[in-house]
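Some features that TrEMBL has for this protein:
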- 11-183: domain 'Era-type G' (DOMAIN)
- 19-26: region 'G1' (REGION)
- 19-26, 66-70, 133-136: GTP binding site (BINDING)
- 45-49: region 'G2' (REGION)
- 66-69: region 'G3' (REGION)
- 133-136: region 'G4' (REGION)
- 214-297: domain 'KH type-2' (DOMAIN)
Amino acid sequence: MTPTPAPAGFRSGFACFVGRPNAGKSTLTNALVGQKVAITSGRPQTTRHAVRGIVHRADAQLVLVDTPGLHRPRTLLGERLNALVKDTLSEVDVVGFCLPADQKVGPGDRFIAEQLTELARGGVSTPVVAVVTKADLVPKQRMLEHLLTVEQLGGWADIVPVSALGGYQVDTLADVLVGHLPEGPALYPDGELTDEPDEVMVAELVREAALEGVRDELPHSLAVVVDEIVPREQTSPDSPPMLDVRVHLFVERDSQKAIVIGKGGARLRDVGSQARRGIEALLGSRVYLDLHVKVAKDWQRDPKQLGRLGF
Ligand SMILES: Nc1nc2c(ncn2[C@@H]2O[C@H](COP(=O)(O)OP(=O)(O)OP(=O)(O)O)[C@@H](O)[C@H]2O)c(=O)[nH]1
């Protein structure tokens, strides 16, 4: 089948957002796509996989790659994440550098700005749009001062203040990003929102549920691996279809295992029922979710274990 030719002037390509943890990257991706695809959370560094959202417009198709937070490497896991971020940056057509309006430009932001400048020096010519996020949280005067500071931070192709939650300037940002894409036909069929395999989305849903309410203890010590998603054999032709989803949660220490499981397994049951609701919505089927918690000591520093966990 020959693809339908793109209308004259149609643009298509890839964009990704970088920025310190909690800068609002996932929320912005969701606002642009108009539907919840990336998993958001109040805790830093929860976006481990590049979840793509796709903005379909009459004049363009913008594929968003939601990168993990680019941060200072502290462990091997951090270094791998940063390598992943750099690869992604060189492959996209435009980068959105997110800086939250309600936070002073700090060492984390300068670090990212330096990395972007370094990439540019190294011959990566991807344009970078500075996106000042969470505009709803600051008065106009503060925003003005902030924009001036951001301007001096590096060589930006554009600077756009937005509020993903308030819906302010989200369309303007889409226009600006699209303006940096090359002309070409749509890359994905209309209506497609994400091309991540189900396993990745399922793992993110479980991880998100398992982190809920354990503010400080776990974020960097929890890895989730989906062992299998298999249809259960139907006992009678009338019984509704059901999927068996088997998942392993890896923590580093026994004490963390106890946190995840909770007293008498109560917490793990809550995690399971919360994650199951999301997984059923995602897969469009009833789901039996089987969660196992295991201690994988110091997995963040062990390349073999990292490989096994899919990093
Ligand atoms: N008031 C306000 N809050 C926002 C806005 N955008 C994001 N937030 C909040 O900021 C927090 C972090 O947002 P995320 O989208 O998860 O941030 P992120 O940059 O993807 O975070 P990491 O995955 O840790 O890198 C969440 O609590 C959001 O609700 C906004 O436009 N206005």
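Each Cβ is built from the backbone N, Cα and C atoms, and glycine gets one as well.
Counting only same-chain residues six or more apart in sequence, the Cβ atoms lying under 8 angstroms from the Cβ of Ala135 (GTP binding site) belong to Ala101, Met143, Pro161, Val162, Ser163, Gly166, Tyr168, Gln169.
Look at Ala135 (GTP binding site): DSSP puts it in a helix. When the binding-site residues Asn22, Lys25, Ala135 are checked against ligand 1, Asn22, Lys25 have a Cβ within less than 6 Å of one of its atoms. Lys25 (GTP binding site) falls within a helical segment according to DSSP.
Across the domain 'KH type-2' (214-297), DSSP classifies residues as 29 helix, 29 strand, 26 coil. Looking at the region 'G4' (133-136) alone, the prediction's average pLDDT is 96.
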